[in-house]
Amino acid sequence: MKKATTILDIQKMKAEGEKISMLTCYDYPTARIMDDCGIDMILIGDSVGVVYAGYDNTLPVTMEDMIYHTRAVVRAQPKALVVADMPFLSYQTDMVSARLNAGRLIKEGGAAAVKIEGGVNVAPVIEAITSMDIPVVAHIGLTPQSLHRMGGYRVQGRNNEQAEKLLADARAVESAGAFAVVLEGIPAALAARITSESGIPTIGIGAGPSCDGQVLVIHDILGLCEKYAPKFVKRYADLKPVIAQAISSYIQEVKEGAFPTEGNSFN
């Protein structure tokens, strides 16, 4: 039986050149399937607000939302390392709230680590949370909680000034104690440089093939998202028509009296 994955295992994978697989997950049955497939890391992302709740962005997601979905995933008892996103306003206002909310995701949610968006600006927060022995994954580049400042979901680091800022962000979060860093929406060459210079694993999403690992949203790879899928997404299945066919067949059989049959009934 596979043992539970730890942050030491993830760091060892970088050292040995083994790519790290990570997907978002928000519910018990999907977590079971992912773990059976051998996923290395599961992220309960605040993307749940977009793909599950139908919000236009991640900003409305609350701590209660994140704890609820983290609990659901953890009940599947995955061997994968479970990381929970800290949602907007859960760590930006003050250090006490940041520490408390990180602790809630561990204590109430059951996560093994938390993820925080930002670089130099959140380094003190990362340091404060890791001082509580809570592992932190940093997230730099295109940070969805900052979409209004960035003018939307735009690739970051394309000019020299932005690239230097991202290099500084990567150094800052590592120095602050993050055990891994997500690189989102940045040029592949810049991600490769950050990966080579970083002592911690890099997990890419729209950051090219040189990162130590990759993460995608589960609904995107299954073809279940109604909204536009970005260039970096690869669809591994198209389940929407499969689900639609099953629902349509059910409706038709109910209307025609073909379901339930004797085999679906009790004597």
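All residue numbers here begin at 1 and follow the chain in the order shown.
The backbone N, Cα and C atoms fix where each Cβ goes, and this holds for glycine too.
Among K12, K14, K115, the residue that Swiss-Prot places alongside D46, S47, D85 at the 3-methyl-2-oxobutanoate binding site is K115. Listed in chain order, the extra residues whose Cβ falls within 8 Å of the Cβ center of the Mg(2+) site residues D46, D85, E117 are G45, S47, T58, V61, M86, P87, F88, K115, I116, H139, P144, Q145. E184 (active site, proton acceptor) is 10 Å away from E117 (Mg(2+) binding site) when you measure Cα to Cα. Taking each of the recorded positions D46, S47, K115, E184 in turn and counting other Cβ atoms within 10 Å of its Cβ gives the largest count for D46. Neighbour density for D85 (Mg(2+) binding site): within 10 A of its CB lie 30 other CB atoms from the protein chains shown. A 10 Å cutoff on Cβ-Cβ distances gives E117 (Mg(2+) binding site) a total of 25 other Cβ atoms nearby, all chains included.
When secondary structure is read from DSSP and collapsed to three states, S47 (3-methyl-2-oxobutanoate binding site) falls in the coil class.
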